[in-house]
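Chemist: Input: one structure, supplied below.
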Amino acid sequence: MAAQAAAALERLRQAAPLVHNITNVVVANVTANALLAAGASPAMVQAAEEVADFAPRAAALVVNIGTLSVPQLRAMRLAVPAARAAGRPWVLDPVAAGATPFRLAAAREMAALRPDVLRGNASEILALAGEDGAASRGVDSAHPTAAAHAAAARLARSTGATVAVTGAVDHVTNGERAVAVANGHPLLTRVTGMGCTATALIGAFLGAGLPPMEAATAGLALLGVAAERAAAEARGPGSFQVALLDALHGLRAADLAGAARLAPVPAGG
Amino acid sequence: MAAQAAAALERLRQAAPLVHNITNVVVANVTANALLAAGASPAMVQAAEEVADFAPRAAALVVNIGTLSVPQLRAMRLAVPAARAAGRPWVLDPVAAGATPFRLAAAREMAALRPDVLRGNASEILALAGEDGAASRGVDSAHPTAAAHAAAARLARSTGATVAVTGAVDHVTNGERAVAVANGHPLLTRVTGMGCTATALIGAFLGAGLPPMEAATAGLALLGVAAERAAAEARGPGSFQVALLDALHGLRAADLAGAARLAPVPAGG
Amino acid sequence: MAAQAAAALERLRQAAPLVHNITNVVVANVTANALLAAGASPAMVQAAEEVADFAPRAAALVVNIGTLSVPQLRAMRLAVPAARAAGRPWVLDPVAAGATPFRLAAAREMAALRPDVLRGNASEILALAGEDGAASRGVDSAHPTAAAHAAAARLARSTGATVAVTGAVDHVTNGERAVAVANGHPLLTRVTGMGCTATALIGAFLGAGLPPMEAATAGLALLGVAAERAAAEARGPGSFQVALLDALHGLRAADLAGAARLAPVPAGG
């Protein structure tokens with residue numbers, strides 16, 4: 001499977017896909033730079049007046065609700081159907097989906113628009129699947145990771161999306177099969193926007209023509225391996241961020257083939 | 001007093017408080033990363049539709065008017081009462097308060113909502129206190145720093161906030177007593193968002209349960225000491241920013257106890 | 001001409017001009033830091049309620065449509081006349097002008113408001129000049145750079161602006177004469193916001209009192225020489241960004257005099 005991720009990286013660099021991002025103000029710069037470093041071409045077009053014109057010009061769309069506003073939600077409602085009508089894949093990042101009713105409603109509305117990939121952390125996936133409450137107090141509650149993986153499988157089946165749950169070990173599932181990505185580093189949790197960066201990289205692989213499972217797996221493996229390299233020379237979260245962009249840029253397909261730790265796991269749910 | 005700041009840092013790291021920021025687009029990424037590096041957990045939720053739901057979930061609220069808009073002001077008007085009703089402390093950063101009537105009116109409206117801490121530079125504090133005009137042309141005008149410290153004391157008494165005036169030496173006062181923080185480095189003035197970062201760190205200490213004077217003093221000491229460490233290895237403002245995040249992350253309570261230069265000073269005013 | 005750019009840098013550092021930016025959320029932080037590093041003072045004031053009050057207080061205005069919205073466009077429509085009425089120079093960055101009808105209309109509306117300088121890449125300049133379609137399929141189409149330079153000369157004559165076309169070699173023209181700036185590095189294309197940074201630096205030179213041709217030339221030479229220095233020690237786009245801010249800060253006028261590669265070229269068109 002690592003060889004497959006390496007081939008995907010070669011394909012990304014040859015395609016240099018234009019990735020349309022409707023994202024939050026905290027990470028806009030970070031994700032644009034990560035896309036550029038990895039070999040894609042980012043565009044951050046988000047006005048309702050133009051997103052439907054622009055989405056078909058890009059190879060993929062990334063929708064991120066991190067600093068959602070009503071005008072931005074209106075733009076998302078126009079961009080997604082325009083991308084889909086043009087045959088463009090898209091990926092959803094339901095940032096902090098469970099934090100407020102406004103955010104949960106928006107995340108669910110977007111999830112119902114059939115994203116190709118949906119990426120979140122365990123609590124976001126549980127919230128989207130409606131399981132931050134009663135269900136998660138059941139058997140799974142002593143095993144929050146297992147609960148999130150099971151919720152991901154159910155969410156994948158109900159939405160048609162490939163669902164990626166990121167954490168110490170990432171879990172990617174389409175509801176039938178699942179892959180674990182065991183790369184990464186704890187410093188990823190001390191820098192803002194690293195989950196959003198994972199989502200954007202998945203968008204780049206989708207834009208390069210990879211199918212959802214392969215795109216999600218390759219995106220997470222690329223970020224995880226780059227993070228491992230960056231952490232090896234970082235002295236804290238500041239130098240880690242810098243080294244991460246250098247690593248995303250410098251990593252060769254062969255490096256990814258050698259370092260990606262991917263394995264099939266039960267789909268759960 | 002340095003020992004008190006060190007104890008505050010230990011408390012911050014144990015509490016890892018969730019800090020709700022309604023802030024400007026220039027510094028959103030920088031302040032989120034500074035909060036993460038220091039040991040807090042940032043959230044940048046700013047839609048009017050959700051801030052009142054979210055504010056009580058966080059341990060403290062940071063309000064910053066750096067790129068104020070009417071929709072953002074509407075969100076601030078909802079977030080602050082919601083935070084206060086839930087017993088959450090909050091800190092106000094009246095960025096460039098004197099630059100335009102729109103901004104001054106908003107800063108004064110927010111200051112009247114009883115922030116626990118209010119942090120600005122000398123000209124912002126003078127503007128808020130109504131002393132950028134006639135009053136500051138009086139005796140104090142040859143001593144702009146003294147004028148700002150006097151204005152801070154009066155502002156503290158009229159608003160109930162602890163007021164921090166940052167500059168070459170920072171000054172923190174509750175109107176009755178005052179503390180000078182003599183840490184920092186000139187490179188802090190060559191990087192955008194360092195004042196906003198000071199405010200956000202004060203928010204983190206408030207969120208960890210420190211009283212306003214202690215939170216403000218610890219926040220400014222932490223940033224100042226980290227800046228000194230960063231400057232020692234920086235070659236300019238780019239490498240300084242990187243080293244600053246590393247220092248905020250790596251600094252131990254004992255380091256802060258040894259390096260913080262805090263002293264009681266007359267409250268003025 | 002390199003001596004002229006060096007003199008301009010000295011003037012910028014003495015003047016430390018306040019530069020008012022109405023810009024996009026992706027690069028707001030980056031351009032503020034570049035302005036600070038170079039010796040200017042940035043302000044990012046963008047609410048329609050205050051831009052007309054603020055613009056006359058600044059030494060120059062930068063208008064950038066990178067993440068244009070209707071509220072931001074409204075602010076631009078107020079800020080530009082206010083700056084002009086106060087005799088302040090301004091520079092326009094028509095980011096991705098040809099990407100959507102909304103963006104092209106806004107870029108053209110702004111270009112008609114007589115910017116002192118207009119900076120874009122070849123495709124943006126061609127789009128603004130109405131030549132991404134039929135005209136560029138003519139003789140020039142095998143020579144896209146030559147086509148863009150010719151379009152720049154015509155745009156300069158129709159708008160009254162000095163037009164800068166940035167690329168491997170930058171081209172600055174007022175429609176009568178032209179200057180080539182042959183500094184820079186390919187890593188500039190792997191970091192987001194570098195074109196916007198060029199525009200902001202041009203704004204700083206305008207704010208320091210330089211005439212448009214000199215301001216545009218000095219701004220591009222400064223960024224190009226700083227990029228060469230940064231690339232010499234960078235290991236990728238992450239460390240390049242850091243070193244670029246250090247270089248913008250550390251570069252002396254004499255360094256610029258020695259390294260700027262400026263030459264008069266035919267104006268074209």
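Residue numbering: from 1, along the chain as shown.
For all residues, glycine too, the Cβ spot is worked out from N, Cα and C.
What TrEMBL says about a protein is an automatic prediction, not a curated fact.
Sharing the feature lines straight out of TrEMBL:
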type: BINDING; residues: C:Met44, C:Gly193; note: substrate binding site
type: BINDING; residues: C:Arg119, C:Thr166; note: ATP binding site
Chemist: At the Cα level, what's the spacing in Å between C:Thr166 (ATP binding site) and C:Met44 (substrate binding site), rounded?
Modeler: 24
Chemist: Would you mind reading off the Cα separation of C:Arg119 (ATP binding site) from C:Gly193 (substrate binding site), to the nearest angstrom?
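Modeler: That comes out at 13 Å between the alpha carbons.
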Chemist: Going through the binding-site residues C:Met44, C:Thr166, C:Gly193 in order, which have a C-beta under 8 angstroms from some C-beta of chain A?
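Modeler: Listed in sequence order, the binding-site residues near chain A are C:Gly193.
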Chemist: Under 8 Å, Cβ to Cβ, against chain B: pull out the ones among the binding-site residues C:Met44, C:Arg119, C:Thr166, C:Gly193 that qualify, in sequence order.
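Modeler: Going by the Cβ criterion (under 8 Å to chain B), the qualifying binding-site residues are C:Met44.
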Chemist: Tally every other Cβ atom lying within 10 Å of the Cβ atom of C:Thr166 (ATP binding site).
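Modeler: Neighbour count, Cβ to Cβ under the 10 Å cut-off: 26.
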Chemist: Using a Cβ cut-off under 8 Å and a sequence separation of 6 or more, which residues in the same chain sit near C:Met44 (substrate binding site)?
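Modeler: Listed in sequence order: C:Asn21, C:Ile22, C:Thr23, C:Ala28, C:Ala32.
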Chemist: Just counting, how many other CB atoms are there within 10 A of the CB of C:Arg119 (ATP binding site)?
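Modeler: Here the count is 32.
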Chemist: If you run the three-state DSSP split on C:Thr166 (ATP binding site), which class comes out?
Modeler: strand
